[in-house]
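Working notes for the structure below.
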Amino acid sequence: MHKPDAATKPIVWTIASSDSGGGAGIQADLHTFAALDCHGCSVIAAVTAQNSTEVVGYEAVSQALFVTQLNCLLHDMPPQVIKIGLIPDTGLLEQLASWLAQHKTQYQFIVIADPVLSSSTGYNFVRQSTLSTWRHKLLPLLDLITPNLPELALLSQLPQAEVELQAGQLLQWGAKAVLIKGGHSNSIADITDHFISSNSSFQLTQPRLSTVHNHGTGCVLSSAIAAACAHDYELADSIIIGRAYLQQALCHSYATGKGAGSLQHHAWPTEPRYFSILKQPQDTDYDTLSFAAIAAPIGFYPVVDNVQWLKRLLPLEPDVIQLRIKHGTAGEVEQQIAEAVELSRDYQLRLFINDHWQLAIKYAAYGVHLGQEDLTTADLSAIAAAGVRLGISTHSYVELLRARQLLPSYIALGHIFTTQTKQMPSRPQGLIRLKRYAALCSDIPTVAIGGITTERLDAVLQCGVSGVAVVSAVTAQAEPEQAFSHFKHRVEQYYAHHA
Ligand SMILES: Cc1ncc(COP(=O)(O)OP(=O)(O)O)c(N)n1
Ligand SMILES: Cc1ncsc1CCOP(=O)(O)O
């Protein structure tokens, strides 16, 4: 994929049609790209004449002009992501399919399509031939398609079937993933969107907002997903971001004419209320869990790998430490944990035990820290019932939503920078994402971890986290005690001035 350098913005194209009313189509797409810090390019398939109550008519551009738009952009402003919207002409759709087939592999752009088959005011844009082109020529080129329920039934030719079966049909015809928008369901209180690909699935549920000003919701959702993909978020994260962007825009939507008004475009969504409830197949359904809260802000949080390190740091009066033992027999591990917990009581240290949640409960440690993989195996109810605090690792929006829903005592956000301490399967998150994640956790304590050094400390603290965890910045230093005291002092000073 073409990567922009720091001074540019990711380029996203919309290949769709103009909405003279400004609330949907190309106009909505470009607003969304701009709000999410992308540069939007537009390839116009048709010009529609519509207002807030009706589509009066439309005219497609010529095939020659359509392809000229595509080619002239490609050589100078190649896209990271292409969003496809209303293409109300079979000939143009055929041209688009063969153009994508010709260039997708070389340019490696992501293709996301919102199959607009009719307008929300009831105007039908498609013929049977258009549907057939969608099914057999477009679908194999799509990384994601975002149909609503009627569109899914029409495209799949399975009007009476379960949505999983309908989506399965689109996957069989070649789409890599399907996001089924649940807005047309009968559910009054909530809307649930279903994501289905060949190897994963999840559901996102959010409150149904009572506004009638919802013109262009499909366009905005698919464009916001495209914009997030262009910023290199994984597809599942991009869908979460896109859905939150839409919820935020709907919350502030406004009247335009006599019919459905338009969405208000804001910036990157960060408020928890705009984000969905995430449900994944592997999630255990807990009755509401209640983990003990952390008594005071976490602040400086060293992570050590044996009880000897703990003993070495205790005279420096640490407030919080994590014991993260990765080697030794079960007996040795238990012995270290038992000793560490006892010491933590003597020194009034808030000691978190990494991974070994049974031992943390057995010895009544202050807390336990678990990774995402541990969440499916650990007995979270037992941890909560024992009054042991729970910290959870996260590395993405998917993991963050999953962790947030468990209402843990804190959430760790990592890894922020490249780390030599642990082989990470994901990429470093960086400061921009850290700030977004921290904002989304405004109601839960957060800890940043991964590659944090004294040079990077201020920038990390300014992202709004309530704690900073380090391994090598203390234990790999020539003078660990000095490094510890320096960090502790700087972190305390920062929070004293930014309470
Ligand atoms: C504060 C903090 N954040 C993240 C981690 C990583 O925990 P986990 O994902 O369980 O991975 P391992 O530590 O087991 O390698 C942590 N330990 N502490
Ligand atoms: C355990 C862990 N989890 C995410 S990053 C990390 C290691 C952090 O170590 P360092 O502070 O030396 O980069």
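Glycine is treated like the rest: Cβ placed from N, Cα and C.
Annotations in TrEMBL come from automatic prediction, not curation.
Among the features that TrEMBL reports, domain 'Pyridoxamine kinase/Phosphomethylpyrimidine kinase' is placed at 19-263. Marked as domain 'Thiamine phosphate synthase/TenI' by TrEMBL: 306-474. Annotated 4-amino-2-methyl-5-(diphosphooxymethyl)pyrimidine binding site per TrEMBL: GLN322, LEU323, ARG324, ILE325, LYS326, ASN354, SER393, LYS422, in sequence order. The Mg(2+) binding site feature in TrEMBL is assigned to ASP355, ASP374.
Secondary structure from DSSP puts ASP374 (Mg(2+) binding site) in a helix. A Cβ distance below 6 Å to any atom of ligand 1 is met, among the binding-site residues LEU323, LYS326, ASP355, by ASP355. Long-range C-beta contacts of ASP374 (Mg(2+) binding site), restricted to its own chain and to partners at least six residues apart, with a cutoff below 8 Å, comprise ASP355, TRP357. Cβ contacts within 10 Å of ASP355 (Mg(2+) binding site), excluding its own Cβ and spanning all protein chains shown: 19. For the 4-amino-2-methyl-5-(diphosphooxymethyl)pyrimidine site listed in the record, the two most distant Cα atoms among GLN322, LEU323, ARG324, ILE325, LYS326, ASN354, SER393, LYS422 lie 16 Å apart. Checked against ligand 2, the binding-site residues LEU323, ILE325, ASN354, ASP355, LYS422 give LYS422 as the ones with a Cβ under 6 Å from it, listed in sequence order. Each of the binding-site residues LEU323, ILE325 was scored by how many other Cβ atoms lie within 10 Å of its Cβ, and the smallest score goes to ILE325.
Contacts of LYS326 (4-amino-2-methyl-5-(diphosphooxymethyl)pyrimidine binding site) defined by a Cβ separation under 8 A and a same-chain sequence distance of 6+ are given as ASP305, in order along the sequence. Between the listed binding-site residues, namely ARG324, LYS422, the fewest other CB atoms within 10 angstroms of a CB are found at LYS422.
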